[in-house]
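Scroll down for the structure; my scribbles are underneath it.
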Ligand SMILES: [Zn+2]
Ligand SMILES: [Zn+2]
């Protein structure tokens, strides 16, 4: 499926990710304990920069999003007889055309979670 390596290197830098101007490495967020403000630091050189107000929102939103997604995505719901099934979707992994699904509301609207009946692959779609 997805080709790692060349494709990954050419991928556009997504919003919220910061890169070191010195060594071009990904910058990691941390809280500065003295100023109690968010800053980004490079693991490969000594570069540190203070976060812009915009970075706070992106950073916080990403953490929220990740934790919510993990709680849902961890469970295999194929054996749950109370959940509806659909044949209108195709598993992005094995192309099987039947999946168990359920919906959850999120900050941005509704999210549908699918669980492939064949291989157990789980994915989500925003609606
Ligand atoms: Zn660096
Ligand atoms: Zn599948």
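If you go along the chain as it appears here, the first residue is 1 and each next one adds 1.
Backbone N, Cα and C define each Cβ position, glycine as well.
Taken verbatim from TrEMBL:
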BINDING   20, 42, 45  Zn(2+) 1 binding site
BINDING   91, 94, 116, 119  Zn(2+) 2 binding site
DOMAIN    87-124  domain 'TFIIS-type'
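Structure coloured by features recorded in TrEMBL.
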residue	record	CB count, 10 Å
20	Zn(2+) 1 binding site	19
42	Zn(2+) 1 binding site	20
45	Zn(2+) 1 binding site	12
91	Zn(2+) 2 binding site	20
94	Zn(2+) 2 binding site	13
116	Zn(2+) 2 binding site	22
119	Zn(2+) 2 binding site	13
Legend entry - For residue 116 (Zn(2+) 2 binding site): DSSP state (helix, strand, coil): strand
Legend entry - Cβ within 8 Å of the mean position of the Cβ atoms of 91, 94, 116, 119: remaining residues of the chain near Zn(2+) 2: 92, 93, 95, 96, 99, 117, 118, 120, 121
Legend entry - Structural state census, the domain 'TFIIS-type' (87-124) (DSSP three-state): 0 helix, 19 strand, 19 coil
Legend entry - residue 42 (Zn(2+) 1 binding site) to residue 91 (Zn(2+) 2 binding site) - Cα separation in whole Å: 38
Inset, instruction - Among the binding-site residues 20, 45, 91, 116, name every one whose Cβ is found under 6 angstroms from ligand 2, counting any of its atoms. - result: 91, 116
Legend entry - Listed binding-site residues with Cβ under 6 Å from ligand 1, out of 45, 91, 116: 45
Legend entry - Cβ-centroid neighbours of Zn(2+) 1 site 20, 42, 45, 8 Å, sequence order: 21, 22, 23, 25, 27, 41, 43, 44, 46, 47
Legend entry - Model confidence over the domain 'TFIIS-type' (87-124) (mean pLDDT, whole number): 90
